[in-house]
Amino acid sequence: MTPLSALTSNPAPSPPPKFALGKCPATAIHVVSVLRPNRQRFCYEKTDAGDLIPHKCLICQPILTEKHISPYYAVYSDLLEDFVLFGYNTMTGKMEQFIYAFKTDCFVEVNRPEIKYNPAFLVKGNVVVALNGPEGELVVIERDCRGLLSKESTSYGQFRTLPTAALRTLTLQDLERDRWDRAANSDEVKISSGNESFDRLYAEYQKNLPRFQVRQCLHLNKEFLCVYSKTSGDYTRLEYIDETGDFQKISCTLCTCEVTESNLIPLYVERNASELVIHVHNTENNQIEQYIYDVRTFGFVQVKRNLVYDPKKITSGLNLFMAENIDNRKVYMIMRGRDGRLQKETSGSGGFEKMQPVAVKTFQVQWVEMKTEFEKKKASTERVEPQHPVQTEGEDIMETVLAMVESFNCDLRKELGLTQDQEIPRKAPRVESAETEENIVKNLEKLQIAKDPEEPTTAASEGGNTYGYQELDDTMSEGLLEKEAESKHQDANEPEPVKNVTYEPDVAAMDKKKKRRELKSRLNKINAQIDELEKRRMERAGKKQVVSSSVPSEEAAQVEAPASPALAENTNQISNEETPKIDIFEGYNGSFLFGTNTSKEWIVEDIRNHMVGKLLKAFWPRIQNVEEMNGELFKKLIANARKCETEILEASNDRDEYYRLMQLTVDQILKKTLKKDQRATEHNHQQPTQSSDELAKNHEKN
């Protein structure tokens, strides 16, 4: 039995540290090596922003060979015109891409983001891929007994095992393009805070700061790395993830890399002119620094005085010095605590009381404050107000009128189908205000805008827009404003006779504004009713829209099949509740094919023909057979339905929106048609009732 003394004299060796700090012997750059789960170390270097990237050095980094790769599968790339092998790198712990070079008989790492790794393509056998060379040779890539990469070549039927070669990784390719070029990741960064003397002092201070610091998080029980960033002047806290092989910021908010009063161990005090300078040992960066106490902020400020540190002057007393604030007439005692760190006490009613620690203003904190203030001043001085040319009131109005006229002309060219080079036909001569109002009313009737807010009309039955009420409102307002602008422009150009002008209120203009306001409120009510109709439809459908993302070709060939279950359910429900079951296509074998193909790839012509049939049923639900309809009337209905369907299709961005707008249009048309039928039925029932009463009265008289 082994004695206890032997066990204590030979303790178990401690595990190697996860992070090791050092310098690259070739480039003299600070690097940190990370111990990976495969017990191999990989070196990283920092950027000026505080990020860690793989260190590009052939001396520090381990040489990766093909035995570090476990092949998974290979896919063909059209861009590279070669097979791309997906393999797991046991050194970096990542899935990487490689192509085989027949000239050197080795693998070259590539990075093609468009080729994504798919675990479903994993080859289960030993042979992964067979590659044909330019000279007729065949190279077989397979897995060995350990699952690592091995390759064999055959020529004239004889197989031979190829030796293991080094990998040409992306890091080696970068070194080949620009060998030992460290300009991008150098530590020399031009910084400026507006004070050149302080910038030089801060640059010297930065040289003494450690680039990396290894800390232990007591809250998460993790070891993390503090990386210094010159651009921000702060430390970035990173932890290494073994599963992904990457660094990420630590999630603990309690662990910081800032210098606090607990990090300052006082050594001795020395007077310099009228101030007392404390020489301290900073445990955060392991440096000997100088600080003074600021009675205004109740904190310590780092300074650099012409005082040489002398370890022979270190004192062991508790009290260091006393400071007095003239404003509040308080005395502050700066002393060494029982743990040997800085401690502050202030005089109170019951004697001296311990003060709470505050932030320490190191050179880093001072530089950030000065830089922020300098950037604010620079931004305020460089801010230039935009200089606009001085315009008179007449010129401003004229520019507005011309802009309105140009906008109206563009819209008019689109409606007439003219190009920008073609001239617009001249308009009729200007009429009086009464005639202008009549023309406006006629135009509103042509646009099919409802005059009764309780019964919104649908313009689809006459080829209008069934869903663009707001667009009609904007178009009408632009037309009215344009006519007023043109009238003002013509009046400004015509010479007016000299006469005595007396002020009279423009009644016609006031009436126009009043009608415009009434029309706008009426349109708002119509929009509200449209929203209410859509809400009711959604409630009837159970607030479900089950629309397939794509239509198969076999289903699309059936014109009568509904395009969506939700649409078929809603349409059948409306037809069952409000209209009898009809089919106006009995005896009609034609189709409503469109003359031009649409640019919407998500719709097919069969679905569009089916929707035109839905609209025709909504336009004329009383007709049971097409043969009963007049030929011209039937053509007109088809034209209106095609026009309405085309407008809905152009206004839709996807199939769901197309079905929603189509269902809303069918609901509105059916509602309007049913109301007309009810009125006609009531009128027909009233006439025979009145005639029978008269016959009864005449019979009594006789």
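One-based numbering along the chain as shown.
Cβ atoms here come from the backbone N, Cα and C positions, even for glycine.
Record features, source Swiss-Prot:
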SITE      D105  site 'Required for interaction with lgg-1 and lgg-2'
SITE      D246  site 'Required for interaction with lgg-1 and lgg-2'
MOTIF     247-250  motif 'LIR 2'
MOTIF     298-301  motif 'LIR 3'
COILED    508-543  coiled coil
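The CA atom of D246 (site 'Required for interaction with lgg-1 and lgg-2') is located 30 Å away from the CA atom of D105 (site 'Required for interaction with lgg-1 and lgg-2'). Sequence-distant contacts of the motif 'LIR 3' (298-301) (same chain, six or more residues past either end, CB-CB distance under 8 Å): 261, 264, 278, 291-292, 332, 342, 344, 355, 358-361, 366. Neighbours of D105 (site 'Required for interaction with lgg-1 and lgg-2'), defined as other CB atoms within 10 A of its CB across all chains, total 14. Per-residue pLDDT, averaged over the motif 'LIR 2' (247-250), rounds to 86. For the motif 'LIR 3' (298-301), residue counts in helix, strand and coil come to 0 helix, 3 strand, 1 coil, using DSSP.
Packing around D246 (site 'Required for interaction with lgg-1 and lgg-2') is summarised by its Cβ count: 13 other Cβ atoms lie within 10 angstroms of its Cβ, all protein chains included.
DSSP places the residues of the motif 'LIR 2' (247-250) in helix, strand and coil in these numbers: 0 helix, 3 strand, 1 coil.
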